[in-house]
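*Asks:* Following this message is one structure expressed as structure tokens.
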Amino acid sequence: MVMLQLSAVVLLALVAPSLAGDADMLQDVCVADLASPIKLNGFPCKTHITADDFFFAGLKRSGNTNNAAGSNVTAANVQSFPGVNTLGVSMARIDYAPGGQNPPHTHPRATEIIFVLEGVLEVGFITTANKLFTKTDTVGDVFVFPRGLVHFQQNRGRGPASFIAGFNSQLQGTQVIANTLFAAAPPVPSDVLAKAFRIDNSQVDAIKAKFM
């Protein structure tokens with residue numbers, strides 16, 4: 001019995017690293033060479049690096065929220081901040097106009113934790129059992145969205161809102177549910193979506209037209 005328990009502990013220890021957001025780093029630093037033609041899981045390392053590779057000033061200012069969603073995401077991930085390559089971390093700033101929304105979406109490679117800078121935000125996520133967990137967050141509040149679960153944020157205040165987000169991945173990936181289903185290329189067949197949502201094909205086509 002003791003040997004069986006020990007085997008289970010060892011198995012869990014071996015499996016645990018595979019559940020991390022990113023693979024462990026194998027050297028001190030590996031600044032991403034975004035211009036390299038080499039394709040691999042991640043990015044190759046630059047040969048010549050400076051302190052500027054580990055600096056990013058893009059989160060200082062609010063983003064332009066003049067769009068259909070009324071929100072703007074400024075990402076500080078490996079694609080805009082090469083110094084985080086292999087470090088398993090990234091950040092973002094999300095700004096909201098009054099009534100603005102970050103629509104339901106998922107991050108397949110990372111858990112997200114947010115810190116509210118301004119405003120009043122309704123935030124929430126849905127589990128695989130279809131249970132909604134939601135809170136109304138104000139300045140200084142923190143909320144966490146588990147990796148891979150559908151989540152959202154909505155500005156419930158009368159003025160603008162914003163927060164800083166942290167991720168346990170250099171490139172968390174973002175899949176917006178509505179865009180994924182109604183703006184895919186090539187498109188998801190309308191009859192597939194009609195059956196899934198229990199509506200008519202014409203209604204699906206009308207929704208697709210809004211995302212063109």
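Think of each number as a place in line: the chain as shown, counted from 1.
Using the three backbone atoms N, Cα and C, a Cβ is placed for every residue, glycine included.
Sharing the record's features from TrEMBL:
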SIGNAL    1-20  signal peptide
DISULFID  Cys30-Cys45  disulfide bond
DOMAIN    57-205  domain 'Cupin type-1'
BINDING   Asn102, His107, Glu112  oxalate binding site
BINDING   His105, His107, Glu112, His151  Mn(2+) binding site
*Asks:* Least buried of the recorded positions Cys30, Asn102, Glu112, His151, going by other Cβ atoms within 10 Å?
*Replies:* Cys30
*Asks:* For the domain 'Cupin type-1' (57-205), jot down how many residues DSSP puts in helix, in strand and in coil.
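*Replies:* Secondary-structure composition of the domain 'Cupin type-1' (57-205): 22 helix, 57 strand, 70 coil.
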*Asks:* Taking the Cβ of His107 (oxalate binding site) as the reference point, list residues of the same chain whose Cβ is under 8 angstroms away and which are at least six residues distant in sequence.
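*Replies:* Sequence-distant Cβ neighbours: Phe145, Arg147, Gly148, Phe167, Ser169, Gln172, Gly173, Thr174, Gln175.
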*Asks:* How big is the gap, in Å, between the Cα of Glu112 (oxalate binding site) and that of His105 (Mn(2+) binding site), rounded to a whole number?
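*Replies:* Distance between the two Cα atoms comes out at 12 Å.
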*Asks:* With a radius of 8 angstroms around the mean position of the C-beta atoms of Asn102, His107, Glu112, what other residues of the same chain does the oxalate site pick up?
*Replies:* Ala92, His105, Thr106, Phe145, His151, Ala165, Phe167, Gln172, Thr174
*Asks:* Taking 8 Å from the centroid of the Cβ atoms of His105, His107, Glu112, His151 as the cut-off, which other residues in that chain fall inside it around the Mn(2+) site?
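*Replies:* My list of surrounding residues reads Thr106, Phe125, Phe145, Leu149, Val150, Gln172, Thr174.
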*Asks:* At a 10 Å cut-off from the C-beta of His105 (Mn(2+) binding site), count the other C-beta atoms across all protein chains.
*Replies:* 18
